[in-house]
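Okay, structure first, notes after.
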Amino acid sequence: MRSARLSIIHAAMLQPLKALTFLQTPRAAIKRRYFLSSSSSPAPSPHYPDLVSAVSDILSAARWKKNPEILRLTPKLRPHQVSEILDTHRNAKQALEFFYWISRRDFYKHDVCCAMAMLNRLIRDQILMPLDRVRIMMIKGSRDELELRQAVGFLNELGRKGFRPTLYSYNTLLLQLGKFEMVDLAREVYTQMLSEGVKPSLLTFNTMVNIFCKEGKVQEALLIFSKISQHEMIPDAFTYTSLILGHCRNGNVDSAFEVFDRMVKRGCDPTAATYSTLINGLCKKGRVDEALNLLAEMSEKEIKPTVYTYTVPITALCEEGRVEEAIQLAGGMKKRGCHPNVQTYTALISGLSEAGLIEMAVGMFHKMMKVGLIPNTITYNALINLLCVDGRFDIAIKVVGMMERNGYLPNTRTYNEIIRGLCCTEDMEKAMVLFDRMLKRSPFPNVVTYNTLIGGYVKLGNLSNAVRLLDFMKQQRCVPDEWTYGELITGFCRGGKLGEAYALLQDMVGQGISPNHVHYTALIDGCCKEGKIDEALSLFKKMENIGCIPITESYNALISGLSRGNQFSEAEKLVSEMVDRGVKPNVITYTSLIDGLVRNEGVAMVLFDRMLKRSPFPNVVTYNTLIGGYVKLGNLSNAVRLLDFMKQQRCVPDEWTYGELITGFCRGGKLGEAYALLQDMVGQGISPNHVHYTALIDGCCKEGKIDEALSLFKKMENIGCIPITESYNALISGLSRGNQFSEAEKLVSEMVDRGVKPNVITYTSLIDGLVRNEGVDLAFKIFHEMESKSCPPNSFTYTSLIYGLCQEGKVEDAAKMVDEMEKKGVAPDLVTFTSLIDGFVMVGKLDHAFSLLKRMMDAGSVPNYRTYGVLLKGLQKEYQLVSEKVVAQHETVYSSTSVDTYVNIDMVFHLLTRLSEIGCEPTVDTYTSLVMGLCREGRSAEADQLVGNMKEKGMSPSRDAYYNLLVAYCKKSEVDPALRVFDSMVDEGIEPRLTIYRALICALSRVGRIDEGKCLFKSMLENRWNVDEIVWTILIDGLLKQGNSDLCMKFLYILESEKCNISLFTYEILGRELSKADCSIEAEQIADRLRVLRQGHCS
């Protein structure tokens, strides 16, 4: 509507108009033309129907200004009523006097229509002297672009009737057009002025130059500038300053300085405005130091800077983080008698806030209030933002109240800042209270508000409320954007709810929003985490097909999924594709590969080596991933070496690094090393948290050191590290297993008193301890309490009870518990079934045990060697009973073995036959479990027979089967069968790990077959390995550990002769280990190498 009115008015100015018939129109015509068309003129007030007449009557008196009634009635007048009085009052001069008089009242302001009415009346009554003054009042009184266009159109109409504006009127009009940045109309007015023969003044030219320069139209400004000399005028400081402004607006500060130099050469002294403009231009280009030099130059030339002159560089310094310099500059400002204003203080408050100097920022705000300056909305927002950053949300909300009391309405950004802070601290309740206030009072929430709240709910995992907010924002006609859906889709994918994520994608497309890389990356990541790699690859392809170019994060998500899915070659191809497409792999790319490969010993370290040599350099996440991988493999030596290496590489370990290591050593039963790591961590300035203490407490409990665990628990509390549920659970488990049940119960009560809620693991720990100490009845009592406390038991709870019942021979009751589990939706696991199978074997019900095995396998639970061992025990017992019957029948003396005696290979093959008979055909997994179990028992020959049986049945032995068999032979120094297994592995494409090479090389050295060991080592070097890891694993943890320092050094020479780059760090480790082994000669040789290497490194 507004744009339509603008176009109509603009057309009226540019096209010839009809005769000014309205100059003698009756009152109704004036109403029709001016009052009804003006959006700013309301309908006459029904409360004062005779107001116009009453005021007109008073004006008829000679001394009307003294009449008290005029002072009572005029505040009730509206502009349209004043227009009517001006048009209808019988005396034009009195009407003019009233026009001037009311314009000076505080309670009233003319609109354009009032001035039009006054001009019409003056022309009608031929009173022409005041025309120019009224014209100027009309121009100056125009409150917006629309009114100014109306004024220009009316002036054009007057001009065509011979009442043309004077130079003064034109200059005023150009100034007003410049104020509203109406460049095109200013150009037209200027052209019209020249065409009417009105001679421009310097003010005219300066105004036009300034109008063009404010918009960066320097070329047009220069054309006007050239007219100044043509009219024999001299440009002044304002002219040059405007040109400087134009160049600065275009970012061309050097050209601005050229104008400045020309100005000085021509004897025109720069003003404070000139310097301020240049200083602003320099600051916007980031040339703050040059701006400060100009400020100093002003002081030297005794040109007094304005507040604006100082505020601009103060703001720039704050944005660059140079807050101290900004404060010093503000101090110097005061010394020169120039006091900071609201904008200056706001800049300082924002700068201090960004620098994290919260207290100083708050102090600056109080100082501002103390000197009598009223903060504006920007100041309040800056203060609120810093309070939110500091977590002082209650104070931030009070500041909102202060804003309102001082007459400043908080805007949407104000509320959004507080809501964002509350969401970051997961205080959604308070965030929603503020949201409710916005809905009731205004400002109304915008898309940023909704996105922040949705993001907050997603962060908490409350996806239901997040979706409800999406629906609510649609209902409130606030259109969701790609960020809205990005938050939601990412949240649902992380929560494993891919179906809902896809539905949101469809909804998004339905809203007309095209999915971008954020949405596709989230879905790809979600699919990969669910193991749906093919679906992820399909999404990746679809993403490319629709022109949505994958970014580094998209590739990283897919690379991580492929790596974890053991599709390493595909992952490597994707990295190559990234590089070919100009998408640079980052540290996360390589860390994702490493994370998937940590179980594939050696390969992960090759990638790590590549990162060290090429970049991106490993970060703390990379090191933590590798350390975590070594910990999972049980290779704690290499894990600690990596910790030392990361320190040497100046990558600072964090609490996660030490958490992985301390947990690993505690689980490995190495408490001394775990305590040493804790001390090292404290020495690094990292405070231990509940993860570290919980790991140590758990480690102590598993070692039976309950008093030490209790002491750690107390120490943890004393240093202000509040124990969490897991901390209590570790100690409760230890106490329960140690038959200190009353102490464990007290600890549960203490948990509740301290507001730490016991969970299913807490109660299961109590139950497990009781059943292991013949307290099954009491265990069941706790089990029933769990249900009453709305803490449903899990598979571990049921398994503990089933184990206890089986130990008491109550296998039928145990079987019923399995049925109960399944009815309640709790799936029995491997341990559950194995415990129950063991129970039935103990009571001699072997057939029932095998039935349970089938039920177990049908449920998707894979038996392990413990399961098969229980069944082998049953088969052995069955065989013994049959043998005893045969002996009894023949009355022959029979010497039988116990149930727990050696189970021969025939019994294993009998087990495999029984499995086939019950419909559980042995698989690769079956054989692998049996092979691994036999190898752990040192029965490599029987394990080898099983591997042969697998091959006879057309099955390929697994990597784990081969590895365990080879290591078992090596432990017994049976190198020939070990080498045969090694060859079989290689023939089948299974790449041996470093630990396999270590086992073989060490075994060969023990039996004196050194040359074969060297040949194997050299052939190994043909593959890709991390050289440092070779030294760590084979030389140090292999040869040196078994006391073969001489051979260790010979293998080192092989590495050096092959030009393998061993790090200084690894040489240092090797030197230390040789010294520990009392190999002084070899240690000295390593020290010599280190000296040479360091010299080369320094040069």
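The backbone N, Cα and C atoms fix where each Cβ goes, and this holds for glycine too.
TrEMBL annotations:
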- 903-1034: domain 'PROP1-like PPR' (DOMAIN)
- 271-305: repeat 'PPR' (REPEAT)
- 306-340: repeat 'PPR' (REPEAT)
- 341-375: repeat 'PPR' (REPEAT)
- 376-410: repeat 'PPR' (REPEAT)
- 411-445: repeat 'PPR' (REPEAT)
- 446-480: repeat 'PPR' (REPEAT)
- 654-688: repeat 'PPR' (REPEAT)
- 724-758: repeat 'PPR' (REPEAT)
- 794-828: repeat 'PPR' (REPEAT)
- 829-863: repeat 'PPR' (REPEAT)
- 923-957: repeat 'PPR' (REPEAT)
- 993-1027: repeat 'PPR' (REPEAT)
- 1-19: signal peptide (SIGNAL)
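Helix, strand and coil residue tallies for the repeat 'PPR' (411-445), in that order: 27 helix, 0 strand, 8 coil [DSSP]. Counting only same-chain residues 6+ beyond the ends of the repeat 'PPR' (411-445), those with a CB under 8 A from a CB of the stretch are 377, 380-381, 384-385, 387-389, 391, 393, 396-397, 400, 403, 452-453, 455-457, 459-460, 462, 465, 473, 476, 478. Residues belonging to the repeat 'PPR' (306-340) score a mean pLDDT of 82 in the model. The DSSP breakdown of the repeat 'PPR' (829-863), given as helix, strand and coil counts, is 26 helix, 0 strand, 9 coil. Within the repeat 'PPR' (724-758), the DSSP-based counts of helix, strand and coil residues read 26 helix, 0 strand, 9 coil. For the repeat 'PPR' (446-480), the list of distant contacts is 412, 415-416, 419-420, 422-424, 426, 428, 431-432, 435, 438-439, 487-488, 490-492, 495, 497, 500, 508, 511, 513: same-chain residues at least six beyond its ends, Cβ to Cβ under 8 Å.
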